[in-house]
Amino acid sequence: MISKSSENTVATTHALGFPRIGARRELKRALDAYWRGEIDQDTLRRTGVELRSRHWALQAEAGLDLVPVGDFSYYDHVLDTSALLGVIPERFGREVGEDGIDLDRYFRMARGRAPRGEDVTACEMTKWFDTNYHYIVPELAHDQRFTLHARGLEAQLDEAHAKGLRSKPVLIGPLTYLWLSKVRDEPFDKLTLLERLLPIYAELLHRLAGRGIEWVQMDEPILVCDLDAAWQAAFKAAYQQLAAQHHPRLLLTTYFGGLGANLEWALQLPVGGVHVDLVRAPEQLSEILPRLTEEKVLSAGVIDGRNIWRTDLEAWLEPLGRAQEQLGERLWLAPSCSLLHVPVDLAGETRLDDELKNWLAFGVQKLEEVALLGRALREGRASIAQALEANRAALAARRESSRIHNAAVQQRLRAVSPTMSRRASPYSQRAPLQRARLKLPLLPTTTIGSFPQTQAIRAARRDYRAGRLERAAYEQRMRAEIEHTIKTQEALGLDMLVHGEPERNDMVEYFGELLEGFASTQQGWVQSFGSRCVKPPIIYGDVRRAGPMTVEWIRYAQSLTERPVKGMLTGPVTILQWSFVRDDQPRAATCQQIALALRGEVGDLEAAGIRAIQVDEPALREGLPLRGSERPAYLDWAVRAFRLATAGVRDETQIHSHMCYSEFNDIIQAIAELDADVITIEAARSDMELLAAFAEFEYPNEIGPGVYDIHSPRVPSVAEMAQQLEKAAEVITRQQLWANPDCGLKTRAWEESKPALANMIAAAQELRARIGG
Ligand SMILES: CN1c2c(nc(N)[nH]c2=O)NC[C@@H]1CNc1ccc(C(=O)N[C@@H](CCC(=O)N[C@@H](CCC(=O)N[C@@H](CCC(=O)O)C(=O)O)C(=O)O)C(=O)O)cc1
Ligand SMILES: N[C@@H](CCS)C(=O)O
Ligand SMILES: [Zn+2]
């Protein structure tokens, strides 16, 4: 049990953070209800208090020694840090009171809208390192002022204190905060703001010391990235400055990789301890042990916070025992990173078969694993003998299970040859054949795939799953939705149509439910951003397509119109990236298996007469390793997987791909190597800046730079989108250019989508008239 005393326990155990969404997505439901005006702020806050209390209790019951405070958030922890530091862009109002910003202003920063107050352009959202979690990007002005608003954090510390818990506040460190920020207006060096930022951190630490806090978890995950000399120097200066005053001890916390070239100097920083990710970079342990100075603790991140497999506890006992011999009570134990990235509790899974369930550990089970290892270090391995035996048996059962290996898949993999990843002819020969077959106008208009996922569609799916709706009736409703979507697109005047994806709960989960080697969960939700969650499937074995997955829906859609309808698939890299992946073979091998399965689907779509097939890869950039040195190998296998999935088609079949949610400049070469005939790519939010990179690179194939941001409910005007297209036409040739939104329309309403698309088509027509065609 966690106690308030600071007695010297051997092997202090802790978690870096716990999922805040709730085992039943209680926070999501409360947020959505608050935004719809159905509950008031007090009710929303009560949900927050309740979830924090429950999550701390889970950690305490598991037997962990320190609880994180500040890991909870109503939307995003980076946005919370901005609120804490008074980083509020002017368009959200200037004055910030002692208590910081009110919840409605906070939500406007996140999503542009709150129950009270005028709509404003929201802050940008982007990927949190190499995860599928999105954070709200802080906006910094060159004359940025920082002010401390710690009441919210202090109130949470009071909550934990009242429960008799030993608290460890969690903060994003000053360097990582600056790294994740974007600069407003004119470009400037973000590091120039450090001298203004540090006094705020110092003030906060001082206040925490006044509350008797012993340890603060200072998250600096950028230490696993490549840092140039300026950032290294800034780290040293910043932590020297913070160390100069009396405050709680700092646990410099890193995750998502190893310290690599930063290891030597990072270990010299004047902090109380270092947390390292030994799951992703186990070699760090032996590098750190001889270098760790006597005043520092080492928090060993040994339980995988990014995946859902049971930990091999036995395998950790020996290295941890060695570390303990040297460090004694200076060795701490924790998951590798915050548990934000895994579902809450395996106990919620009532339909997963027992065999598979026995291989898994979600958030709650991971807390138990940390506690077990801690106990073994404190009391000897015999004290956990029974748990060790169960763990050993579960791992052996997984290794030996006949469900993992599939001889037919292995045989197909052996037959893969390099020619299978090459289209029969180069793009220059394919393009005229496709043009002749598709008969599209110059500047063709299209959409990215999904149309609004209405409440009615979701309710039908829920009823079908619950057995309240027969399969035939469910399919009939989906066909009716497809018909409506096709007719709407025809009426609007789009050139290349889509079926709208109504039958898909999610672009990855849908395929996970159909492919062999995958398992789906009922409650395995993980926060993606704000109240939005995803349920990543679990890839546990060799991947095989049991039969066509999309062909009937697309064939039906195509039967309703003369215009071409795009086949719509999620690509191998994105399926891999947005699933929990098996850890008994390299990611590249699993990706190749998925690619082979998709290749079969692409072939079946083509055989069904589908003239264009889109294979989405929005996660291609997200999967890019954080270290530059690891990137070429990743891009090599990722591109090969895409090509293996798509290159089997005839020249006249047009392959599309789509990418979003990322900065693409640094992977343009790889995008070109995909050799998709058309790529539709997010560009509106960056004002078409991306295209300059394509132009410079002389990208040869066709491009549809998104002309409007689908994240906003705002309907852009014809003029606005015509201007975007014009900008695009200045840098890429008119034959290359398509007009489309930034991404799918699933999160939008029909009332927003129809006028926006009508304006987009009008903008394309205007430009066509101007540039000819
Ligand atoms: C493109 N994006 C995606 C990412 N990752 C994915 N795996 N998938 C993506 O599409 N990463 C990057 C971005 C992130 N963007 C989003 C956007 C939207 C959502 C989202 O809306 N998520 C939904 C859950 C989607 C889903 O599975 N829906 C199910 C219904 C599940 C459900 O909530 N059921 C309710 C009842 C429903 C009802 O009454 O209407 C219940 O169980 O009680 C489905 O459609 O069948 C969300 O609600 O958070 C995520 C990421
Ligand atoms: N085809 C998908 C891609 C999302 S990234 C959609 O339109 O929703
Ligand atoms: Zn997209």
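One-based numbering along the chain as shown.
Just so you know, glycine gets a Cβ as well, placed from its N, Cα and C.
Annotations in TrEMBL come from automatic prediction, not curation.
What TrEMBL records for this protein:
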DOMAIN    13-326  domain 'Cobalamin-independent methionine synthase MetE N-terminal'
BINDING   Arg25, Glu26, Leu27, Lys28, Lys127, Asn132, Arg532, Cys533, Trp578, Glu622  5-methyltetrahydropteroyltri-L-glutamate binding site
DOMAIN    443-765  domain 'Cobalamin-independent methionine synthase MetE C-terminal/archaeal'
BINDING   Ile448, Gly449, Ser450, Glu501, Asp616  L-methionine binding site
BINDING   Ile448, Gly449, Ser450, Glu501, Asp616  L-homocysteine binding site
BINDING   His658, Cys660, Glu682, Cys743  Zn(2+) binding site
BINDING   His658  Zn(2+) 2 binding site
BINDING   Cys660, Glu682, Cys743  Zn(2+) 1 binding site
ACT_SITE  His711  active site, proton donor
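Here the features listed in TrEMBL are painted onto the structure.
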| residue | record | contacts (Cβ under 8 Å, 6+ apart) |
| --- | --- | --- |
| Leu27 | 5-methyltetrahydropteroyltri-L-glutamate binding site | Arg20, Ile21, Thr47, Gly48, Leu51, Tyr74, Ser531 |
| Lys127 | 5-methyltetrahydropteroyltri-L-glutamate binding site | Tyr133, His134, Tyr135, Arg621, Glu622, Tyr661, Ser662 |
| Gly449 | L-methionine binding site | Val498, Gly500, Glu501, Met507, Lys566, Met568, Gln614, Asp616, His658, Gly744 |
| Ser450 | L-methionine binding site | Val498, Gly500, Glu501, Arg504, Met507, Gly744, Leu745, Lys746 |
| Trp578 | 5-methyltetrahydropteroyltri-L-glutamate binding site | Asn132, Val508, Val534, Pro536, Ala619 |
| Glu682 | Zn(2+) binding site | Met659, Cys660, Tyr661, Ser662, Gly706, Asp742, Cys743 |
| His711 | active site, proton donor | Ala122, Met125, Arg685, Asp742, Cys743, Thr747 |
Excluding Cys660, Glu682, Cys743, which residues of the same chain place their Cβ within 8 Å of the centroid of the Cβ atoms of the recorded Zn(2+) 1 site?
Ile448, Pro618, His658, Met659, Tyr661, Ile681, Gly706, Ile710, Asp742
Suppose we screen the binding-site residues Lys127, Gly449, Arg532, Cys660, Cys743 by Cβ distance to ligand 3 with a cut-off under 6 Å; which survive, in sequence order?
Cys660, Cys743
Filter the binding-site residues Trp578, Cys660, Cys743 down to those with CB closer than 6 A to an atom of ligand 2; keep them in sequence order.
Cys660, Cys743
Segment confidence, the domain 'Cobalamin-independent methionine synthase MetE N-terminal' (13-326), expressed as mean pLDDT:
96
C-beta crowding around Asp616 (L-methionine binding site), within 10 angstroms:
25
How many Å separate the Cα atoms of Arg532 (5-methyltetrahydropteroyltri-L-glutamate binding site) and Ile448 (L-methionine binding site)?
20
Note down the number of other Cβ atoms within 10 Å of the Cβ of Cys660 (Zn(2+) binding site), including every protein chain shown.
23
Should we count any of the binding-site residues Ser450, Cys660, Glu682 as near ligand 1, judged by a CB under 6 A from one of its atoms, and which?
none
Within 10 angstroms of the C-beta of Ile448 (L-methionine binding site), what count of other C-beta atoms is obtained when all protein chains are considered?
28
Between Arg25 (5-methyltetrahydropteroyltri-L-glutamate binding site) and Ile448 (L-methionine binding site), the C-alpha gap once rounded to whole angstrom:
28
Give me the count of other Cβ atoms within 10 A of the Cβ belonging to Glu501 (L-methionine binding site).
26
